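TrEMBL lists 18-244 with the feature domain 'ABC transmembrane type-2'. Among the features that TrEMBL reports, transmembrane segment is placed at 57-77, 98-127, 133-155, 167-186, 223-241.
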Amino acid sequence: MLGKILAIEFRMRMREVLTPLFALALPLALLFGFGLMPDATKPSKDLGGQSTTEYMAVLGTGIAFAILSLIMLPGVLSDYRERGVLRRMRATPVRPSALLTAQLVINAGAGAVTAAVMIVVGAAAFGTSAPRGFGWFLLAAVLCLLALLALGSLVSAVVPTGRAGNAVGSLLFFPSMFLAGVYIPYDQMPRTLQRVCDVTPLGAGIRSMRDAWMGHAPHPSQLAIMAVYAVVATLAAARLFRWE
């Protein structure tokens, strides 16, 4: 049953290919916009020793994860609810967990592709090195994506309309961008704001991916925070899921 749902959802997503492409286009635009600035490939004290291109590769990956999870996922499922698609599915053997799982798999796949593209393009265009602690980077990226997708699933499970899904997703998305260091780099934030950033899934994810990129093991607390978000929000989404 899950395989059939996954195939259907994938075909429907491919019909609206421009929407997922936005999750890739924006990070790439930021990478090139900042990467073409003078000294963008040199280590910067303002970025904790990272170069601007390395920082933007990580940041762009996190932004893509957030777009897929907090904007696109709630928009799709809440639109299904508004148009009665979920109500009609209720009369079938489909379980809500299967539908949520299919959406998670599709968006996780898109997130993985985006992360790979950011690394490859950064290396090809600007000579950016690959993450030095690649295994840690992979773990941090997976946990970050799962935590954000779980939050998006929780929103998707309860909002009644597509417009409401987009609104609630945006309310989560833009503060997450700020706390993740999009507007003010983490290393230039006041210590109090850094502490707040560290307990958000995107903030913890970007910090962990940055640490891994520079060859350091992420702090265990950051990995634990993302894991807790992923588990708790996923369980809540499955429990609170509404067909209509």
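Even glycines carry a Cβ here, placed using N, Cα and C.
On a predicted model such as this, the values are computed, not experimentally measured, just so you know.
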Considering only the recorded stretches 57-77, 98-127, 223-241, state which has the highest number of Cβ pairs under 8 Å to the transmembrane segment (167-186). 57-77
Do any residues of this chain, six or more beyond the ends of the transmembrane segment (57-77), have a C-beta under 8 angstroms from a C-beta of it, and if so which? 19-20, 22-24, 26-28, 30-31, 86, 99-100, 103, 107, 110-111, 114-115, 118-119, 122, 128, 141, 144-145, 148-149, 151-153, 155-157, 159, 162, 165-166, 168-170, 172-173, 176-177, 180-182, 202, 205-206, 209-210, 213
Report, as numbers and ranges, which residues of the same chain sit near the transmembrane segment (223-241): CB under 8 Å and 6 or more residues beyond its ends. 96-97, 100, 139-140, 143-144, 146-147, 149-151, 153-154, 156-158, 198-199, 201, 204-205, 208
